[in-house]
Structures are given as structure tokens and as C-alpha cells.
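Undergrad: Look at Swiss-Prot and you will find 3-200 tagged as domain 'Glutamine amidotransferase type-1', backed by sequence analysis. Sequence annotations record features per position, and here Swiss-Prot assigns active site, nucleophile to 78. According to Swiss-Prot, the feature active site maps to 179, 181.
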């Protein structure tokens, strides 16, 4: 069985992500410091809340550099995905810098509410094993007011007043802006794909 580390960065979705993994028959150990990452074969960084507080917590736990230097597959979920980018407009905070791009506040418009809450369709942008087995018009559940831009690393986008990154992968670094633990079959498939796929 894969040694799976689930980082406690203070997000309220930690328990629900853990339960989603248990439904897949996978047990994760909760990690709160750099020592806990030792021996991990896969790492999940969940997160709910604000980027400045999450980065401060990771810094207090001594996890910034260990995450940046990680040599095993990592997936960030929701705020956890945003933290993988260079910077966030939320609190004007520098993030982990593991993916290029700046996370920006979503702009409300006629018929476009911010925060973006609810089910929305994924728009595939390129091939990735992260999307294996998903139906053509798969939908996922989103709750966020900030979003990462579409880049060359974007695997799937989503449209809410403009396209943003919904799923990202660059080498060992992956992310999902939506909540897999609240996205029914789509979320379960993404988590299973991350745990089982081969990485370069």
C-alpha cells in the first residue's frame, strides 16, 4: 500500500478528504511537520480558508522548503492548489512557487457570482492521466473566490466569467481547484487517478 501523507494546513476539509480516501480503501497519515513527510510516496495538500493564514501555518510547521523540494507526487486541493502557485492576490502573499502563475480574485459580473459556489463543468485542455476515465462533460463542485490562470500546465479549465485552471499538472506537481471529496464520482476518480497513475 502507498504511504500517503495528508498535510494538515489548517483547512476545514481535512476530515472530509480523509473520509473520501477511506471510501476508496486508502488510509492516509496526517502530517503536521517536515519529519512526517519522510517516507511518503504521495502527498496531498488540502486547504480551505485564506492564503496568508495557510502559508503562515505551513511556515510555522517548517513545511515550506520540504514541500518545495519534494521528489514524490503531490496534489493540492482547492486552496492547497492555489498555494502551489507563485503568488496570491488574497492578502498579497507569496506562495510555494512550485507552479508559474498568480492567483487572482475572481471578478463578479451580471449572472456571475463570487465566490464561485456549486457544480460546474470541466473543460479538458490537454491529455493527462489525472482525467482518465472521466466522462466527456464531467462536472465538479467548486467553492472559491480566487482562481489560478490557465497556463501550459492546465489539464482542465472551468468557465465562470472566464476560464480558470480547474486541474493542473506539471511533472510531479498536481492540483484540483474543486473539492474532490464533494464531487461524487468525478472527485473519486481524480483522487484514484492521482494515487494510481505513473509519473515521469
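Please read every residue number as a count from 1 along the shown chain.
Glycine residues also receive a Cβ, built from the backbone N, Cα and C atoms like all the rest.
On this model, are these features tucked inside or out on the surface, and what's nearby?
TA: Other Cβ atoms within 10 Å of the Cβ of residue 78 (active site, nucleophile) number 26 in total over all chains.
Taking a C-beta cut-off of under 8 angstroms and a sequence separation of 6 or more, residue 179 (active site) has the following same-chain neighbours: 13, 16, 77, 78, 140, 141, 142, 143, 187. Mapped onto three states, the DSSP output places residue 179 (active site) in coil.
Non-local neighbourhood of residue 181 (active site): 13, 16, 17, 19, 20, 77, 187, each in the same chain, at least six residues away, with C-beta under 8 Å from its C-beta.
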